[in-house]
Amino acid sequence: MDIEDKTSKMHCMKGKHVVIICGVVIAVGLILGLGLGLGLDTKACNPPEVNGQVSTKSPISNTPDVTSPSGSSVFCSAKNDENGPWTHFRLPNYVHPVHYDLHLTPEMEAEVYTGMVNISIRLEEQTTKHLWLHLRETKITEMPQLWTSSGQVIEIKRCFGYEPQEYVVIEAEEDLRPSNYFLSMRFKGYLNGSLVGFYSTTYGENGKIKYIAATDHEPTDARKSFPCFDEPNKKATYTISITHEHDYEAISNMPVEKTISLDNKWTKTIFKKSVPMSTYLVAWAVHQFKYEERISSRGIPLRIYAQPQQINTAIYAANVTKVVFDYFENYFNMNYSLPKLDKIAIPDFGTGAMENWGLITYRETNLLYDSQESAASNKQRVAAVIAHELVHQWFGNIVTMDWWDDLWLNEGFASFFEFMGVNAKEEKWQMLDQILISDLLPVLKEDSLVSSHPITVNVSSPDEITSVFDGISYSKGASILRMLEDWISPECFRAGCEKYLKEHYFKNAKTDDFWKAMEEVSGKPVKEVMDTWTRQMGYPVLKVDLNSTVTQQRFLLDPKADPSKPSSQFSYKWNIPVKWKEGNTSNIIFYNKSELAGITITRPSDLPLNSFLKVNKDHVGFYRVNYEPQVWRALTDIMMKDHQNFNLADRAGFIDDAFALARAGLLKYADALNLTRYLQNEAEYIPWQRAVVAISYIRNMFEDDKALYPKFQRYFGSLVKPIASELKWEXDEDHIKSLLRTTVLEFACKMEDPEALGNASLLFKKWMSGISLDVNLRLLVYRFGMQNSGDEQAWNYMFQKYRTATLAQEKEKLLYGLASVKNITLLNRFLSCIKNTSLIRSQDVFTVLGYISLNSYGKTMAWDWVRLNWEYLVKRYTLNDRNLGRLISRLSGTFNTELQLWQMENFFERYPDAGAGEASRKQALETTKSNIEWLKQYRDDVATWLENSEHSNFA
């Protein structure tokens, strides 16, 4: 166990369960120390033979130390010199990079690269002897050179690294007065050991190992690739050239200007000069891929690069790219600003995708689609990520946020417009409604925690910058844009976007710049309204009384939380455009935060007495709505009689609001659970998907409750049974119906419906005998077939299928299947594979841990493995890794015992440096404490309702 004696003693003195806690911890520690810690049963994790797609990179422990590249002298060594302004986190505003000439030479098999950068710098207003710019890990190999624009050499007195702020500092012998200068630096770095900066990975092709090297620079990793002024408002132009071996090609942001054969081995590829770009958007790749090409309606070449043996899987991406690209050029009334657009699927990629200008990089699962191997959900994911990254070519690339505190200007906008982009290509996918279940409703949960943060938030370290790449910046950002568009009208919103883009073309902008554009086109007080949504965390719940009076208060999941904490300049009051509907009448009434007594909706006089006033029509507002208990009961009756009185969005919203309100103590669980009775008649994907998610919280809390969980399963199993039986375990060409089938069959299996589990096991055995499965049923069969009937033979068979699979989406499904086995020995074997990068790529480690944690047998094992191997994970990924930062909250979402809370607190005390995971740790602690209190407060209420349901005709 990874617990120090002194902290053990301190915690063992706290609670009333001290003997139980300490005894269990000691026992678990001994078991894990002998089992997991020593790598029990690792026979499945021997390095495999080379095959089509298995990585052969060495495990991290065998890689060279990137801070000490061999074979070259190192200049500008790190010094603890704090006698200068380079101790500040931000670069000075009087230094401006104008142009970079960047040359790189990667040696693919040696996994090293060398480079040289010449930077044209404009110094304004201030005289100084010092220049400093960003550099991390990569080493300077010659003394930097500095000269004036006229060519006069300026002697360098010294240079040194200042590691706390990731700077290299150059001190000149003489004063540098406001003028133009040139700075030249040579450097060397390693291509291995990381998925950020300039790195390489491998793949298999016809039994041979192949290399590809590419970049991933957002948010603060360009400084790992080359010395640069690595802040988003330090835009400059670039001329990039790459010397590479003859049998490789190089691509970058801009088209190739020319290639030069240097000798029998090396070729130099020179790219055209770029437009002004932020450093995080600079990109290049050295590869042996092929491409699928489409031409936009305006003649722009659009290419999708993939491994030669997978190039057929790039066809769908190419088709989507053309349609969505043309759509956004038309919508924004602005041409794409570069001569070409490339996309490339990287075999090992740390994030989902990266919007580099003119060269978008992707994880393979998010770009490549095979109709014979990929599910409908995979197809939608590919289309959505493509659309998201295309939006960035305008929002983010042409106009970039001035600083990372306005990250949402990039990510919130891309997350909003991606649904419009996909809808342009796939009109039958209900994408404009799916934003509810993909973004709005999920982030309502995240933003109802005290540990949330405002959309615009101060960040002052790389870790803090990384941490704001979260649901608040992406999904809440998208959701409030949806609300804004509905309020000021789609026409004004579109005109405002066009105005914003044109006024800040090739520049940086702040949130107020966007509000200004929207105000000018709409004539409405956009800033006054929207500041209450971006400059304070959280959101309101609107209480509607029987007189149609609406009042607001901050919504928090924890009933005991202080709604005034942390302090807010708006005192947690919001300016709200309230959209409502009754009968055929729909309108928007504005709720000003200063109206302390609330507002009253004037209802139509010609409606029947039993008509229903729907507040937050289409769930377009970023808030929840609570009605009087008798109104909720009336709503249940209406839904039972004819749920189609309300549209898809409203039905999904009712369910989500009801269960969130009950969890927060604002609605009785009996009323929320009564509403679910209508689901026996529901036949649409979006309401079912959200119902399953809303119900899952109770399921997670009760899963280990042997007395109560079977009752929960019987009730909800009876609700899902009709539609599961109707849809059957069959193939279907209809996209939405396929998503619905997957949702309800998965839920039926979780409720342990005998028919559903029997079908999963039957299909699993057929698959074991060599019969192919329908692509939309595979994940269900892999998971529940393995769970219900999997043994060691089946697990080994699936593991071999995983090793030989070529499509990344199929490999990911098989990983989930492997993690679903109800066998501790096999799960332990799977965990032992994590450190073998020949078997599990770096990008998939957190996926595997997450899948194992979803297994009732594996959730404790995954948590224990992470605690035992934390130092290994930190060394492999660094504390700045956003996926590592989110890992604890991902694994601990269902924790609901004092022991689990104690383990978490102890772990955080032992490893206090959270890096990019600081906010995630706070969320994990808050959620676990809330779960413990929830069981104390509501278990009996839910138990009573379930007991009564078994003696009634509810279902």
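Cβ coordinates are placed from backbone N, Cα and C, and glycine is handled just like the others.
Features of the protein shown, as given by Swiss-Prot:
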BINDING   Glu218, Gly352, Ala353, Met354, Glu355, Asn356, Arg882  substrate binding site
BINDING   His388, His392, Glu411  Zn(2+) binding site
CARBOHYD  Asn118  N-linked glycosylation site
CARBOHYD  Asn192  N-linked glycosylation site
CARBOHYD  Asn319  N-linked glycosylation site
CARBOHYD  Asn335  N-linked glycosylation site
CARBOHYD  Asn458  N-linked glycosylation site
CARBOHYD  Asn547  N-linked glycosylation site
CARBOHYD  Asn584  N-linked glycosylation site
CARBOHYD  Asn592  N-linked glycosylation site
CARBOHYD  Asn674  N-linked glycosylation site
CARBOHYD  Asn759  N-linked glycosylation site
CARBOHYD  Asn823  N-linked glycosylation site
CARBOHYD  Asn836  N-linked glycosylation site
SITE      Asp216  site 'Binds calcium which modulates its enzyme activity'
SITE      Tyr474  site 'Transition state stabilizer'
TOPO_DOM  1-17  topological domain 'Cytoplasmic'
TRANSMEM  18-38  transmembrane segment
Asn584 (N-linked glycosylation site) to Glu218 (substrate binding site) - Cα separation in whole Å: 48
From Asn192, Asp216, Tyr474, Asn592, Asn674, Asn759: recorded positions whose CA lies within 10 A of His388 (Zn(2+) binding site): none
Between Arg882 (substrate binding site) and Asn836 (N-linked glycosylation site): CA-CA distance (Å): 21
Which recorded positions sit within 10 Å of Tyr474 (site 'Transition state stabilizer') - Cα, from Glu218, Asn319, Asn356, Glu411, Asn458: Glu411
For the topological domain 'Cytoplasmic' (1-17), the mean pLDDT of the predicted model: 35
CB-centroid shell, 8 A cutoff, Zn(2+) site His388, His392, Glu411, site residues removed: Glu355, Glu389, Val391, Phe395, Gly396, Asn410, Phe413, Ala414, Ser415, Glu418, Tyr474
Reduced DSSP assignment, Asn319 (N-linked glycosylation site): helix
Residues that sit under 8 angstroms from Glu355 (substrate binding site) by C-beta distance, when 6+ apart in the chain: Leu281, Glu389, His392, Gln393, Gly396, Asn397, Ala414
Length of the line joining the Cα atoms of Asn458 (N-linked glycosylation site) and Asn759 (N-linked glycosylation site), in Å: 52
Assigned conformation of Gly352 (substrate binding site) - DSSP reduced to three states: coil
Distance [Cα-Cα, Å, rounded] between Met354 (substrate binding site) and Asp216 (site 'Binds calcium which modulates its enzyme activity'): 7
Sparsest Cβ surroundings (other CB atoms within 10 Å) among the glycosylation sites Asn118, Asn192, Asn547, Asn674, Asn823: Asn547
Distance check against Ala353 (substrate binding site) for the recorded positions Asn118, Asn192, Asn335, Glu411, Asn674, Asn823, keeping those with Cα within 10 Å: none
Pairwise Cα distance for Asn759 (N-linked glycosylation site)/Glu218 (substrate binding site) [Å, integer]: 45
Neighbouring C-beta atoms (10 Å sphere around the C-beta of Asp216 (site 'Binds calcium which modulates its enzyme activity')): 24
Residues near Arg882 (substrate binding site) in space but at least six apart in sequence (CB under 8 A): Thr351, Thr466, Ser467, Phe469, Ala916
Inter-residue C-alpha distance, Asn192 (N-linked glycosylation site) and Gly352 (substrate binding site) (nearest angstrom): 20
Nearest recorded site to Asp216 (site 'Binds calcium which modulates its enzyme activity') by CA-CA distance, among recorded positions Asn319, Asn335, Asn356, Asn547, Asn592: Asn356
